[in-house]
Amino acid sequence: PDIPVIDQAYSKLSDSITVEWRAVPGATNYMLTAEDGDSFIETIVKNSPGTVTGLKPATLYRITVRSINSGGKSQPSPFRKVKTVLAAPILSVHSPSCDSIAVSWKSVHMAAGFSVSLMRSDGLGRMLKQNTTNTSLIFTNLDPGTLYTIKAYAWNANGMPGDDFTYNQRTSPNAPVDVKVTFSSGALRAVVSWMPTEGALTYSVTVFSGLLKLRCNTSSASCVVPSLQCGSEYYVSVTAHNDAGSSEPTDAVSLKTVPCAPVNISIEEDEPGHLLVSWSSVSLGHYYVVFVKSDDGLEVHCNTSYIQCHFQSDCGFTYFISVFAYNKAGQSPLGDVFNYTTAPCCPSDFRAVFMSSDTVRVTWAAVRGADLYETRAAGGSGVVLCRDTATACTMSALQCSTPYNITVYSFSEARGSNTSCAPQYVATAPCSPEIKNISKEGLSVIRVQWQPNNEEATYVVTARGEAGLWHCTSARNSCTLRDLPCGSAFSVSAIARSPAGQSLPSYSIPLETAPCCPNDLILAQVTQSVTNISWSVGRGAQTYVTTLESPKGQAKCHTLQAYCLLGCITCGTNYTVSLRAISETGLTSICTYQGYSSSACCPSGVKLYRLSNNGIRVFWRASDETINYNADLRGSKGNFSCTPSLGLSHCDITKIPCGDVYTVVVAPVADKGPKLTFCPKKIYSVTCSGSSVGMVISRGKSNVKHI
């Protein structure tokens, strides 16, 4: 493209030069070149104007422009000489006082002088401007706590201004005014307030007393200073602060705190019913108030400028006493609260109830001021003491059947005991008797003996068991229990009674009565030599011994069951029957019953003979001619029986069917009870052929015999 032509080139900033030229047809970019003889800087721009940056201040440059398109670069334009302006001075600014600002800077190369202007940043007021060849100056008579904008630049020998430098600076604030101090006596802290100061960002409150110094920082117009000490005088000042510095502190304001709580408090009961409260004087205390509150809620007070007060008091009361000191700042902090307890009154509504022969429970009504009660029982061989905070005391290990004087004393930790309380006479219950012997005087009669160890006492003996209770009473050393049931277990104990009460029961002695005899006993003959005996259960019996006895011998069995089989019984014999019921511990009851006669003996030699009239004669050998017998024949064609006259040993059965097999049993006839079934059975066959009459063919015991 064509070579561009520079219209003008100038420098407004110390590190750049701006160039203007006429546009070249077909050019897409332009290259600006600045040369100072030692170096050059090139910059590509799109169009005019263009600026070359990164230059050195107060330096002469040769400026050229070349046009660029896709075909390449043109030749440089004719150069122009342009000098960059001076660099801006770098300011250092501060506010040495609330109405002045000091400005300083380092010298600038090629600078002939400097121009510095100052104006409020909010635009109010007029601008102040100073020209100087120095590198510092001070603006005075400014507004405190106000933000100012400061601008400075250097000029060269031709008066050409260079770059400017702008800086915002606030003047330091004025000291706060109208400082007020409010003291909070309850919290021992002070609230310091003041009128806000223009331009102040924060405030600091300084409170000092001697070497002690407290500080409070805040951004508001008040501040709380905690942890002040009572009985002290402080001086308070306030200083305002902003980013420019601090104001002068305000004149110190005096602050006197409340007095400290009085110490060395003493409480004395100088005479009964009068309390004297005294204390030491405190710094800054103008007068004192003593509060005395009793434990029933009643409160009195005493206002005095002295260091002691008198109060009335009652016995058994606890008084809570506090002393406060006062001045114009208020009331002192709460000091120690003292309590004073007068000697407690004697307990009233005294009652003594015996829980046992050696234990008494004593109760009484509570009295004011009593922290502890002591119950003293004097009597017997010594003194029994009981101490408790409750209004009841159980005194154990007393001697039974003994008179005691019982006194209840009330104690307080502060005043001790009231020793004027009267005793009360109490006698303990009788001592427990000791059973010495239990003896049986009859089937259901028991005699109990004990060691009498009480005077004017009545003794009651009790036998206790599942069967019930049995009692006997005596003023001596024994009594008799009657009608005790058999087969029962008892626990026998004794107590003693007197007007003072009832003793503890004696140690229990176990007692067991002999087992009961069975009410029912049944004998049944099972075989000719075996008899079954059964009986009802006898209460208290574990085992039984049954005996059948006759001149011919004895049968006996010992069993746990309620029945027994006795062998070796002689038929047709009279026996005496006895039974012994034996308990688990070996107690025995001998029981007798009605005699027993065993059944008559079964006959032997039973035979059958055919008669001429289709009859059968049954023949046997009788064991006793005084016994009557009965013969039974049982077959498939019918059952037949016959009974002979007394003394005969045979009987006849007529018209018996032949051609049948018969079972034949001959047994004694019992007077009472069922028919005997245990006599031997024989089987015979009665045929219908043959003419022999009376012949019997026997084929053995187990075979059929043919007639």
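Just so it is clear, glycine is given a Cβ too, placed from its N, Cα and C backbone atoms.
Note that this is a predicted model, so its numbers are computed, not measured.
According to TrEMBL, the domain 'Fibronectin type-III' annotation covers 1-87 (among others).
The domain 'Fibronectin type-III' annotation in TrEMBL covers 88-174 (among others).
Positions annotated as domain 'Fibronectin type-III' by TrEMBL: 175-260 (among others).
Look at TrEMBL and you will find 261-345 (among others) tagged as domain 'Fibronectin type-III'.
Positions annotated as domain 'Fibronectin type-III' by TrEMBL: 429-516 (among others).
With DSSP states grouped into helix (H, G, I), strand (E, B) and coil, the domain 'Fibronectin type-III' (261-345) comes out at 0 helix, 46 strand, 39 coil.
For the domain 'Fibronectin type-III' (88-174), the DSSP-based tally of helix, strand and coil residues reads 0 helix, 49 strand, 38 coil.
The DSSP breakdown of the domain 'Fibronectin type-III' (429-516), given as helix, strand and coil counts, is 0 helix, 48 strand, 40 coil. When averaged over the domain 'Fibronectin type-III' (88-174), pLDDT in the model lands at 93.
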